[in-house]
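See below for the structure under consideration.
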Amino acid sequence: MIKAKKLYLETFGCQMNVSDSEKIVTLMKGMGYGQTQEPGEADLVLLNTCSIRATAEQRMYGHLGKFKSMKKKRPELIIGVGGCVAQQEGEELLKKAPFVDLVFGTHNLHLLQKMVAGAEAGKKSVATDFLDDEKRFDLFPHAETEGGVTRFVTVMQGCDNFCAYCIVPHVRGREISRSADKVVEEVAALAAAGVTEVTLLGQNVNSYGFKEDAAPDFAELLFRVAEVDGIERLRFTTSHPKDISARLIDCFAQIPKLAPHIHLPAQSGSDEVLKRMNRGYTRADYLAKVRALEEACPGIQITGDMIVGFPGEDEAAFRETMALIEEVRYADLFSFIYSPRPGTKAAGFPDEVTRKEKQGRLELLQAAQKRITLERNQSLVGSVQRVLVEGASSSGDSLFGRTGGNRGTVLHGDLALAGRIVEVRITEGLQTLLKGEVVHA
Ligand code: SF4
């Protein structure tokens, strides 16, 4: 009997990498690789990496070391690295980790099968060329359409904004939008396979179609996707505050399928810092968009990202960030200490804030946000939320789903509810999730 080949895949970083990993699984399945969660039984190990912060990159190299000893014992084991670190490092990665067999960049998934076949024949390879036109999407395989309640659909890739701290334009390339017809086609295929919710994905979905004259704008794309039968809920991420238009904000009032949640990263509450970050909006602009969203969609849950300790951030600037989170009252916030990335503009900025000060600021910010998140979750107790049931909860004895506002919710019920939106009365608001009971299935 021929032994089935096994793929062990680890994904780091953002939803874009999660989406790419779904495509990798499809591609490898086409070569006879089934997936395993046990690295020890894998024939092929692939790491889909993130380089957004230095810690993520260091962690990846540390992690890679674990597979070095495996390769020593089993030289036939194939090890590949993809994603943003692979894009950034290219050939260099093979020098730093010579036991790696293949390095594939963010635009090179279409070459992966060929590269793995080469590695099976003992040949190492590196592919990190950018594809700077819409061909990028045609060459990318679609993730397999079977199964799942909720799926990502890529609508655009890359970024032209060059925020001073950000590595993304350097590792994901220039911004390109995918044709609306192809997006709708993929969503329809997912709906036909039983998917209930799609999240339209891009580095900055708000600028969808900006560069492509004939393309509709993002608001129009949302209307078209919402028309697909079988799709009950629609989300999108990520939004750049400077590009979110009045027309897009109005979609929250006009499209019932659009979930009442937006991830709108402010990054700082200080105009001075925002300017140095090259964000293209002021604190007042940001707040005006937040208020417009709340008006169009009362109760909308807003989440965000915040960087502390950006070069030149003094105490007053940090206090403005603290004040902003109290004003917006984010449902949740991803906050980080600034991490200089090679090749970005901010990497050359003088930085006088000490590590200790940065750590102190992060702790203050996170403590305040923790309180706000808990208060917001508790304020939902007694309300009825429309929860999309995703499946069994991690404990296995309940169900897990998400409210329209993207709050994780645990409820009791039959597993047959998976894939359905049910009405749930919230009975408890905890720090990281809600608990509730089904009032209408
Ligand atoms: S908008 Fe700014 S932060 Fe977002 S991906 Fe582009 S450069 Fe990075």
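Using the three backbone atoms N, Cα and C, a Cβ is placed for every residue, glycine included.
So that you can see what the record holds, here are the features copied from TrEMBL:
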| type | residues | note |
| --- | --- | --- |
| DOMAIN | 5-121 | domain 'MTTase N-terminal' |
| BINDING | CYS14, CYS50, CYS84 | [4Fe-4S] cluster 1 binding site |
| DOMAIN | 145-375 | domain 'Radical SAM core' |
| BINDING | CYS159, CYS163, CYS166 | [4Fe-4S] cluster 2 binding site |
| DOMAIN | 378-440 | domain 'TRAM' |
Cα-Cα distance linking CYS159 ([4Fe-4S] cluster 2 binding site) and CYS50 ([4Fe-4S] cluster 1 binding site), given in Å to the nearest integer: 16
Densest Cβ neighbourhood among CYS50, CYS84 (binding-site residues), 10 Å radius: CYS84
[4Fe-4S] cluster 2 site shell beyond CYS159, CYS163, CYS166, criterion: Cβ within 8 Å of Cβ centroid: ASN161, PHE162, TYR165, ILE167, VAL168, PRO169, GLN203
C-alpha spacing of CYS84 ([4Fe-4S] cluster 1 binding site) relative to CYS163 ([4Fe-4S] cluster 2 binding site), in angstrom: 17
Binding-site residues whose CB lies under 6 angstroms from ligand 1, from CYS14, CYS50, CYS84, CYS163: CYS163
CYS159 ([4Fe-4S] cluster 2 binding site) and CYS84 ([4Fe-4S] cluster 1 binding site), distance between Cα atoms, whole Å: 14
Proximal but sequence-remote residues of the same chain as CYS14 ([4Fe-4S] cluster 1 binding site) (Cβ under 8 Å, at least 6 apart): CYS50, ILE52
Neighbours of CYS14, CYS50, CYS84 excl. site residues, C-beta within 8 Å of centre, [4Fe-4S] cluster 1: PHE12, GLY13, MET16, ASN17, THR49, SER51, ILE52, ALA56, GLY83, VAL171
CB within-chain contacts under 8 A for CYS159 ([4Fe-4S] cluster 2 binding site), separation at least 6: CYS166, VAL168, PRO169, ARG172, ARG174, GLU175, GLN203, ASN204
Composition by DSSP (helix, strand, coil) of residues within the domain 'TRAM' (378-440): 5 helix, 34 strand, 24 coil
Neighbour count (Cβ, 10 Å) for CYS163 ([4Fe-4S] cluster 2 binding site): 21
CYS166 ([4Fe-4S] cluster 2 binding site): tally of other CB atoms within 10 A of its CB: 22
